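Under the heading transmembrane segment, TrEMBL lists 17-37, 49-73, 79-107, 128-152, 172-193, 214-240, 260-283. Taken from TrEMBL, the feature domain 'G-protein coupled receptors family 1 profile' covers 28-280. For 302-321, the entry in TrEMBL reads region 'Disordered'.
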Amino acid sequence: MRCSFNGTLLINVLPPLLMTEFVLGVLGNGLALWIFCFHLRPWKSSTVLLFNLAMADFLLNIVLPLRASYYFAGIKWKFGNALCNICLFMLALNRSGSTFFLMAIAVDRYMRVVHPHHPINSLSVSKAIIGALGLWLITTSMTAHVFSLSHINTTYCESFMIDTKTKGNLSWHKFAFLFSFYMPLLVILYCTFCIVRNLKGRQLAQHAKIKKALYFIIVVVVLFIICFLPSNFTQLVIWIKSYKLAGSSNMCSEMENLTIVFYITISLTYLNSVLDPVVYYFSSPVFKSICRKALHLPETENAESTEKKTRETGSQSISQL
């Protein structure tokens, strides 16, 4: 038996939150993709990673109105079972894709700062594209099981359902959800620690540019943790508690509050896709210069200098420090 919840709080809170994330996320990532495709040339291997991060965030954002309408209608899905599974798959695929590409960007920075002479730093764009396709393939294989999920009825569209009995696909779905956060988190923390230690050990550690780079790195990690940790920690608690209460007659009532907290916190994970354009793209002088030019905004003196440098050296790696 699977539990269903009324979720009055979800009905009131999630529609405006999801629609706000949709508008800001589509605008920010759409602008980033437009600049990547039409104004940023030539690409480097690190540009490929950033493009795919923006693509994952954009694809996640475009299905948020469907989720908002679902909660606005009182947790009633009106678009059929097939579109329900497609929507859940898109959310799972691109949520995981976003964390994996954030991890790849962290590794790219780690290699460029800690091991600047490693051959991987001169990786060609074509090989970087193959690597990105490999990440998408891994992410797809981890989330494709969503299409096999059955729902309580035709109006209930959820992938994180509480079941009084252990179900293989539900257990795998929760494992994949947790794995796609905790594994990238460990890698990002390790890379960040090594980068900070390396930069602080340099003679120019007090230089303003190095200080700004250190601050930027820490902000990225903090935002990643703030956006993703609450939902993953809550899901971990739900997973453990559901095993302890399996078969209990009052299991659904015991899990209701935790489930409501989970759905609110998982909606907060989408804030990361809104913040990514600000943190990764528009914080870069090079990207800001190209953005201003693409939007026909007046150039400042610094922006003109940056644009000139960009023309001379080609596309700078926005993911570099």
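Placed from the backbone N, Cα and C atoms, the Cβ positions cover glycine too.
Under the criterion of 3 or more C-beta pairs below 8 Å, with sequence separation of 6 or more, the transmembrane segment (79-107) and the transmembrane segment (172-193) qualify as touching. Long-range neighbours of the transmembrane segment (172-193) within the same chain, counting only residues 6 or more positions beyond its ends whose Cβ lies under 8 Å from a Cβ of the stretch, are 92, 95-96, 99-100, 102-103, 106-107, 109-110, 139, 142-143, 145-146, 149, 159-160, 217-218, 220-221, 224-225, 228-229, 232, 235-236, 238-239. Packing against the transmembrane segment (17-37) from elsewhere in the chain are residues 47, 50-51, 54-55, 57-58, 60-62, 64-65, 67-68, 71, 267-268, 270-271, 273-274, 276-278, 281-282, 287, 290-291, 294: each is 6 or more residues past its ends and has a CB under 8 Å from a CB in it. Across the domain 'G-protein coupled receptors family 1 profile' (28-280), mean pLDDT in this model comes to 88.
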